[in-house]
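K.L.:
Sharing a structure with you now.
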């Protein structure tokens, strides 16, 4: 009987933690407003949108990169969270997050953010935060590839520090199990539905060979022809190896094909396929695979919730003049 009581206690504790964190996230999000810059910088949103569209036209991969920057920003430093800490370069006082395991050599889009910030500083000096730029650019990137739009609450402030260690510990690994993924999102006040919906961001972007090597050589829950097609560009041992699209079906469109890939056992990352592997999220994956509208709606709602994680508002933090360094 002891194990049963222990399991029940664990589930109850996790539920209590999730409810408490979800309440905190909702309270923080309530401090934001979609019209935050209506008077202080009325051209802010159209400036960001225009710059994102231009960057995505030049390189379709930029859309996935900008979306990933926002996610990797929000998931590090539980309080604060969506605070543009991911953009900070290393200094004598702290080591930034760019060199963390989940980020090193794979995070892109910093130059696009620099361009947007320079445009906004020329229009409205010291007004639009880097954290808000990331949140709006993520939305505009999804729209640029045909995905849903949503209203972005604004008014985030920027952090004055970053954390390499938290970037290494907070961001889920490509080797994560379903239980690890669910726990990681619950710690941020996000539900299992949020987790599965946000994972759909993997309809865009690419992964590097080391992140899926073990899956294509060792996993058994993978389509044999799919695994074979990837092995040629990703050797079993040694360095090197290229990359592959996270969604091989429609790599340059934001759609629900990612979930159809999972049902067909064609998820690129081990952590992707964990969402459809006989566990509690199988039903939701099937639903998203057959209902683009439900996926789009849940994804947009989850992005707003994620964008409220551990934000700085009011007089907390600062509005950086340069997104790469503290004022």
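The backbone N, Cα and C atoms fix where each Cβ goes, glycine too.
Summarising the annotation, TrEMBL assigns active site, proton acceptor to 72. Feature annotation from TrEMBL assigns Ca(2+) 1 binding site to 73, 76, 81, 83, 85, 97. Residues or ranges marked as substrate binding site by TrEMBL: 172. Per TrEMBL, heme b binding site is recorded for 202. The Ca(2+) 2 binding site feature in TrEMBL is assigned to 203, 247, 250, 255. The disulfide bond annotation in TrEMBL covers 41-124, 74-82, 130-323, 209-234. The domain 'Plant heme peroxidase family profile' feature in TrEMBL is assigned to 31-327. TrEMBL lists 1-30 with the feature signal peptide. If you look up TrEMBL, you'll see 68 marked as site 'Transition state stabilizer'.
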K.L.:
If you count, for each of the disulfide-bonded residues 74, 82, 124, the other Cβ atoms lying within 10 Å of its Cβ, which residue has the minimum?
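P.N.:
It is 124 that, of the disulfide-bonded residues 74, 82, 124, has the fewest other Cβ atoms within 10 Å.
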K.L.:
I'd like the Cβ neighbour count for residue 209 (disulfide bond), meaning other Cβ atoms within 10 Å of its Cβ, all protein chains included.
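P.N.:
Counting Cβ neighbours of residue 209 (disulfide bond) within 10 Å gives 17.
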K.L.:
Taking 8 Å from the centroid of the Cβ atoms of 203, 247, 250, 255 as the cut-off, which other residues in that chain fall inside it around the Ca(2+) 2 site?
P.N.:
204, 249, 251, 253, 254, 256, 257, 258
K.L.:
Closest of the recorded positions to residue 83 (Ca(2+) 1 binding site), Cα to Cα, picking from 41, 74, 209, 250?
P.N.:
74
K.L.:
Give the distance between the Cα atoms of residue 234 (disulfide bond) and residue 85 (Ca(2+) 1 binding site), rounded to the nearest whole Å.
P.N.:
32
K.L.:
In the structure shown, which of the binding-site residues 81, 172 has the fewest Cβ neighbours within 10 Å?
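P.N.:
Among the binding-site residues 81, 172, the sparsest Cβ neighbourhood within 10 Å belongs to 172.
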K.L.:
Give me the Cα-Cα distance between residue 74 (disulfide bond) and residue 203 (Ca(2+) 2 binding site), rounded to a whole Å.
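P.N.:
Just about 20 Å between their Cα atoms.
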K.L.:
Based on Cβ atoms within 10 Å, give me the single least packed residue among the recorded positions 41, 76, 130, 234, 323.
P.N.:
41
